[in-house]
Amino acid sequence: DIAPVTPGVAVDLSHIPTDVKIKGFSGEDATPALEGADVVLISAGVARKPGMDRSDLFNVNAGIVKNLVQQIAKTSPQACIGIITNPVNTTVAIAAEVLKKAGVYDKNKLFGVTTLDIIRSNTFVAELKGKSSSDVEVPVIGGHSGVTILPLLSQIAGVSFSEQEVADLTKRIQNAGTEVVEAKAGGGSATLSMGQAAARFGLSLVRAMQGEKGVVECAYVEGDG
């Protein structure tokens with residue numbers, strides 16, 4: 001990250017007892033952080049404030065994603081890339097064009113990370129139906145902005161909904177990000193839940209790359225055809 005506190009955050013994280021070695025890099029040149037990377041998750045960018053939607057972030061965040069993906073294409077072109085930076089629906093497209101221009105685009109290795117919509121859906125459905133969130137898994141397809149977020153509520157095993165419940169849940173899931181932005185009153189957007197969602201997606205990706213079968217995550221990707 002360009003923030004000067006990045007190495008300090010890495011030191012803080014390194015004190016957590018895990019088998020993972022943690023390093024932090026700061027500055028405009030991401031090369032040291034990208035060398036030999038198999039998975040790269042991009043979360044850099046400005047956050048929403050009250051009254052803004054994700055598309056309002058485009059002018060700033062598009063340039064950030066473009067710059068980082070250019071460095072990935074040069075340093076670790078084989079890496080799987082997860083785009084978290086909003087607006088995901090367009091930053092993924094920008095990343096794809098940068099990779100195509102560099103001649104290293106692989107649609108099977110570029111993902112718009114929409115896992116936050118899934119964990120929100122799991123939470124909201126569990127609350128409504130009095131279930132443990134660990135027993136609920138809601139497939140959410142589409143993008144990560146407004147009406148492009150499509151929770152497949154009919155696909156949840158052992159749960160049924162009235163038409164009104166479907167309408168209300170869908171609306172809440174699609175507007176959950178705004179709920180957080182307004183609750184923070186100008187203090188930013190979702191960070192803690194997004195961190196959990198990013199970790200879930202990244203770990204699932206690694207498990208699948210290591211050969212584990214049956215690992216399924218929804219994401220915003222280029223389809224066939």
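From the backbone N, Cα and C atoms, a Cβ is placed for every residue, glycine too.
Taken from Swiss-Prot as is:
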ACT_SITE  His144  active site, proton acceptor
BINDING   Asp1, Asn61, Ile84, Thr85, Asn86, Met194  NAD(+) binding site
BINDING   Arg48, Arg54, Asn86, Arg120  substrate binding site
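Candidate binding-site residues: Asn61, Thr85, Asn86. Fewest other C-beta atoms within 10 angstroms, Asn61.
Calculated from their C-alpha atoms, the gap between Arg54 (substrate binding site) and Met194 (NAD(+) binding site) amounts to 15 Å.
Among the recorded positions Arg48, Arg120, His144, no residue is found with its Cα located within 10 Å of the Cα of Asn61 (NAD(+) binding site). Comparing the binding-site residues Ile84, Met194 on other C-beta atoms within 10 angstroms of each C-beta gives the minimum for Met194.
Sequence-distant neighbours of the residue listed as 'active site, proton acceptor' (same chain, 6+ residues apart, CB-CB distance under 8 A): Arg54, Asn86, Pro87, Val88, Asn89, Gly112, Val113, Thr114, Leu116, Asp117, Tyr220. For Asp1 (NAD(+) binding site), applying a Cβ distance below 8 Å and a minimum sequence separation of six or more within one chain yields Phe25, Ser26, Ala44. Taking a C-beta cut-off of under 8 angstroms and a sequence separation of 6 or more, Arg48 (substrate binding site) has the following same-chain neighbours: Arg54, Asp56, Leu57, Asn86, Gly177, Val181, Gly188, Ser189. Within 8 Å of the Cβ centroid of the substrate site, not counting the listed residues Arg48, Arg54, Asn86, Arg120, the chain contributes Asp53, Pro87, His144, Ser145, Gly177, Thr178, Val181, Ser189, Ala190. In three-state terms derived from DSSP, Met194 (NAD(+) binding site) belongs to a helical segment. Taking a C-beta cut-off of under 8 Å and a sequence gap of six or more, Arg120 (substrate binding site) has these contacts in its own chain: Ile173, Ala176, Ser193. When Cβ atoms from all protein chains are considered, those within 10 Å of Arg54 (substrate binding site) total 22, not counting its own. Classification of Asn61 (NAD(+) binding site) by DSSP places it within a helix.
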